[in-house]
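For reference, the structure discussed in these notes is given below.
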Amino acid sequence: MKHLITFIYLLFSPLSLHALNIDENSSNLSILEHSLIYIDTNNSINSKNINHQEFISSPSDVISLGYVKNTALWIKVTLKNTSSKSISKILEYDNPTVEKLYFYDKNKTVKTGLLHLNANKNAVNPIIPLSFKAYETQTYYLKSYSRIKPTKVKLILWNELDFIKKESKSTMFYFVFVGIMLTLFIYNFMLFLFTKDRAYFFYIFYIFSIMFYNAFYSGRFSQYFTTQELTNYLLKANGSFTIMIVFSSLLFTQSFLETKKFNKLHKALNHMYWILPFLVILSYDAWIINASSHYVVLLIGLFIIYVAFYSLFKGVKQAKFYVLGWSIIVVSFMLIAFQWVLHYDLKDYNLTYVSEVAFILEALLFSIALAHRIKLSNKQLILFKNEEQVRLEAIVTQKTKALKTSLEEKDILYKELNHRIKNNLMMILSLLKLQIKRTENKETIGSLVVTKNRITSISNLYEMLLLNNTSLNVDTYPYVKGICQNIALNFSNKVNIHYEINYNLKIDNLIYLGLIVNELVTNSFKYAFDDDKGKIFITIKKDNSLVFVSIIDTGKGFQERRKNALGLSIVSILVEGQLEGKLTIDSKNSTKVFIEWNDENL
């Protein structure tokens, strides 16, 4: 009977007119639309005189005042336990970035929010535990104040178990988000290390900016890092987080879309770098601007999209990924930003994690775009190599044609030169032969014959070179034999010449050897044999780097004073001066001439 009387009293009392009925099953219940609100435009009301203020009914389940610098929002909540037993509930203030939140009831005052962090904070949003006795009605006052962040209110009543499930689900989703972003961060960082492409570096800077921004605005940073001094500083600099995203986006945009191709747009993007530092300074601690900085950032984001569309129109293939990714981000930012203006809550439309999903989709698209960039780079490299190969082949063909023409011209000149040299040598030999026929003095005839033979030895070598036009190598044996046969034609002596030639001399040395053989064999024919019979032995061989030449006859030899004759002087000059070799002559009984030189020195 006692409980029935109490229930009837509470049902018809003035307090019950604005009370929201709850029981043990009430959970995930929005209560703001069942509450009363009062807007303190001077932030001057306190808990002692709030009872004297005129509250009005809340028009919606979400109230957003936007960026109001010196305005507090008071909420009066009356809850009535309609069950016959005691119950416990959790009141969640669904805004992780509220700066100051005060909770008042008749027994206690709770301070929470970013400026009143709790060391034991175990939820993203501020929460307050409530207890009700059977059929008890409680009235609470909440004061929400944010000087820098926008003032937004949504109140949800939970059972403890349901709240834990909701928090677990939210935490799991957040760590999935962090895991995906970290994976993309590491993936693109490795690509940067291998490719050294600055676009990848700017992109990992962009990913870092997104993760830091999300950690602060989602309340995860203040949940896991409950240092009040650091939170106070980050709250004052919170406008810089959005600006940091835009800054990294500008760097990435210019590098990824190669905006240097579009001079005016590239300069416009460069000018925006000068705007961002002023936004950071002016928005710090809401000094001069606060909400305006976000609008400026939004305009820069829209301009970046315009640059992406322009690049796509101009044929930048990877711009299509960029356009789609940035469009997703801008749409999500607009949906979030317009919550404060149009007074709606994305959670009511199952868009709780719209920003996280947008960031993941954009990051995936940009990563695909960067991979596509590598593919395009490889194609361009292959195309460049092909074009370079074609260009080099054209150059080689042109140079080969020019070289062939030049060689043909030189061949004609060479043949003309050879023809003239051969004619000149033949003319000299003809003149010498003519002079020999007209001269009666035997001594003069002998000198002319020796001279003719010298020129003949050079002429023979020249003819052999002309016949062997594919190489400068001439066989030594036929050349030496030809010289000796030519000498023998000028004498009546029946001299047998024996050849032992086992090494082919270099062309330069062969010229000198021809002159040496001409002088020594001529001397043997003229002076060595009294009976017009004899033998001459010519040997040429090589041992390691030394070349040995010996010319030996079976004649009578000659006196010591004949060593200073002109022919032997010529031999000495050629051996010691040109071949840098050693000459040894033994003229006793027979004439033996030994010559040696180092073939590697020449």
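Note that Cβ sites are derived from N, Cα and C of the backbone, with glycine treated the same way.
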Problem - Which listed span TrEMBL calls transmembrane segment, if the choices are 237-257, 447-467 - result: 237-257
Problem - Segment-level pLDDT (mean, integer) for the domain 'Histidine kinase/HSP90-like ATPase' (508-601) - result: 81
Completion exercise
The answer for the transmembrane segment (320-341), taking Cβ pairs under 8 Å and residues 6+ beyond its ends, is 62, 64-67, 150, 152, 249, 253, 256-257, 294, 298, 301-302, 304-305, 308-309, 311-312, 351, 354-355, 357-359, 361-363, 365-366, 368-369, 372
Fill in the blank from the handout: Answer key: the stretch among 172-193, 237-257, 353-371 with most Cβ pairs under 8 A to the transmembrane segment (200-217) is 237-257
Problem - Sequence-remote partners of the transmembrane segment (353-371) [C-beta within less than 8 Å, at least six residues beyond its ends] - result: 173-174, 177, 180-181, 184, 187-188, 191, 199-200, 203, 206-207, 210, 214, 217-218, 252, 256, 318, 321-322, 324-326, 328-329, 331-333, 335-336, 346
Completion exercise
Spatial neighbours of the transmembrane segment (237-257) not adjacent in sequence (6+ beyond its ends, CB under 8 Å) are 97, 148-149, 197-199, 202-203, 205-206, 208-210, 212-213, 216-217, 266, 269, 272-273, 276, 279-280, 283-285, 290, 293-294, 297, 300-301, 304, 307-308, 311, 316, 318-319, 322, 326, 366, 369-370, 373
Practice task
Mind tallying the domain 'Histidine kinase/HSP90-like ATPase' (508-601) by DSSP state, helix then strand then coil?
Solution key: 42 helix, 31 strand, 21 coil
